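Here is the structure we will look at.
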Amino acid sequence: MTSDNYILKNSKELKELAKEKLKNNWLKAALVCFICWLIADSFSNISSVNDSINSISFLNTHVHLNFVDNSPVNTTFDIISFLLSGALYAGSSLFFLKLIRNQNALVEDLLYGFKNFGTFGKLFLLELIKSLFIILWTLLLIIPGIVAWFKYSMAYYIIIDNPDLSVIDAINLSTEMMDGHKARLFHLVLSFIGWFLLGILTLGIGFIWILPYYETAQANFYEELKSTYEN
């Protein structure tokens, strides 16, 4: 696939480039991913533990009876997790963009989304609208929902590169940039399936190293996509 005689990298090449960019940066990148998981998922996990107390599972018949639990504790932790997700995704995206651009990527970049209320609110709105669009498409069929996820997947990178852009414009630009490239990103994600399975088999420990690899490869994808789009 070419654009103006520019040969786009395949998944293998994007992953090789990711490993090159991660040299001497693995520990720092792993720490960024770990902190994101620790902050965002810890609230969800507390909520899940509270749910599991009210769950009865008949394992041999594969029947699960779950009592509806809308307790204030669950609701509060779920809301906190969602509130933080946009700012955390943006901070992580900034770190990996700086990493692949050979800039001084710092763990402190995770705080990007928390630097002021305006930035935090904008990133929360981005995550909210993205999630709503994906949910609405998924209500039709699962495939349109997956396609929507790929369409909007570049929105955080776009907001970082264009901080004055509105949320809707960032989502629309992501959709436009991904036109004709969704299959490429799908193939890249698919190429990590074996790694993700390995992460599961290691009880999640492997993800400390797998996620930086994946995030760096995806940032490489965006960087190339951006260059192709602008040229």
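Just so it is clear, glycine is given a Cβ too, placed from its N, Cα and C backbone atoms.
The annotation transmembrane segment is assigned in TrEMBL to 25-43 (among others).
Look at TrEMBL and you will find 79-97 (among others) tagged as transmembrane segment.
Marked as transmembrane segment by TrEMBL: 109-126 (among others). Residues 32, 35-36, 83, 86-92, 94-95, 98, 155-156, 159-160, 163, 167, 170-171 of the same chain lie 6 or more positions beyond the ends of the transmembrane segment (109-126) yet place their CB under 8 Å from a CB of it.
Annotation comment: TrEMBL describes 132-150 (among others) as transmembrane segment.
Residues 10-12, 14-15, 26, 30, 33-34, 37, 150, 153, 178, 217-218, 221 of the same chain, all 6+ positions outside the transmembrane segment (185-211), place their C-beta atoms under 8 angstroms from a C-beta of that stretch. Look at TrEMBL and you will find 185-211 (among others) tagged as transmembrane segment.
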Which residues of the same chain, at least 6 past either end of the transmembrane segment (132-150), have a Cβ under 8 Å from a Cβ in it?
171, 178, 182, 185-186
